[in-house]
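One structure is given below, encoded as structure tokens.
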Amino acid sequence: MDRIALMDASGRDWSAWPAPAKLNLFLQITGRRADGYHLLQTVFRLLDWGDTVHLRVRRDGQIRRLGESLPGVSEDDDLVTRAARLLQSAAGTQAGAEIRVDKRIPAGGGFGGGSSDAATVLVALNALWGLGLAADVLAELGLQLGADVPVFVRGRNAWAEGVGEQLTPISLPEAAYLLVDPGVHVPTPALFRSQELTRDAALAKIADFASGSLLDNAFEPVLRRREPAVEAVFQALSRVGTPRLTGSGSGCFVEFATRAAAEQALAQLPGSLRAWVVEGAAHSPLLDALDATQV
């Protein structure tokens with residue numbers, strides 16, 4: 001607990017921590033476990049763009065969220081609050097925290113905003129509370145909150161299997177991405193129940209992805225048939241490149257070799273679309289923020 005006292009004494013009040021978005025560069029479902037969870041294969045690409053989580057240590061043990069991370073989500077149900085309380089319980093610490101999130105990542109778009117925010121809370125409070133828990137421990141805690149949380153805890157681009165928690169770090173080339181949020185949200189369980197969803201894809205290898213033969217997302221045909229807004233975005237993006245879906249949607253993206261090319265493509269899209277140009281990250285900016293606290 002000495003680190004908390006030092007930080008308070010030094011006048012460091014609120015601290016800001018990045019929570020990057022992600023893309024699934026492909027996604028296929030290969031089967032189902034006995035407990036009903038689906039098995040998948042995917043590649044997680046971290047981005048240089050996302051939310052910012054602001055944290056302030058409390059001495060009274062309370063975990064409080066200030067404002068609304070997501071409209072309509074209660075403080076107790078919010079992943080950032082749950083992450084902080086889970087870490088507090090697992091570590092047996094009496095420290096508390098106040099949490100505020102500046103949201104940029106669209107909710108329900110498959111860009112990983114909620115999972116990334118939760119991971120950032122775990123990693124940052126582990127440092128701010130002086131707990132010293134290993135990344136493996138934090139990733140295991142994160143898995144209790146969501147299958148995507150561990151990749152954000154570890155902060156590396158990764159080939160993922162299992163329910164998404166079996167991670168193999170991989171190197172990805174520099175790239176820029178044109179992102180579009182169609183503005184619709186279909187709950188993932190409803191998509192998994194769809195009769196159109198392919199659930200028995202053949203197991204692939206990392207070499208298959210490296211060869212460029214894996215680009216499809218199993219949820220794409222389901223969403224394009226089900227949601228006219230998603231189909232409209234795919235049609236618009238197909239004029240500037242090869243559109244893909246991230247996660248279970250509804251977010252869409254096109255990959256480009258350079259930011260300039262992505263910006264040029266953005267200029268050709270209808271102004272009514274909610275779109276961004278971002279770049280892929282070699283690793284999570286959260287790791288850089290963590291390193292800065294240890295200097």
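The backbone N, Cα and C atoms fix where each Cβ goes, glycine too.
What Swiss-Prot says about this one:
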type: ACT_SITE; residues: K22; note: active site
type: BINDING; residues: P106, A107, G108, G109, G110, F111, G112, G113, G114, S115, S116; note: ATP binding site
type: ACT_SITE; residues: D148; note: active site
Where among the binding-site residues P106, G114 do you find the Cβ with the fewest other Cβ atoms within 10 Å?
P106
Cβ-Cβ neighbours of G108 (ATP binding site) (radius 10 Å):
20
Just to confirm: which same-chain residues, 6+ apart in sequence, have a Cβ under 8 Å from the Cβ of S116 (ATP binding site)?
A19, P20, A21, K22, G50, D51, I105, D148, F152
Three-state secondary structure of G110 (ATP binding site) from DSSP?
coil
An 8 Å radius from the center of the P106, A107, G108, G109, G110, F111, G112, G113, G114, S115, S116 Cβ atoms defines the neighbourhood of the ATP site; name the other residues of that chain inside it, in order.
A21, I105, G247, G251
Among G110, G112, all listed as binding-site residues, which has the most CB atoms within 10 Å of its CB?
G112
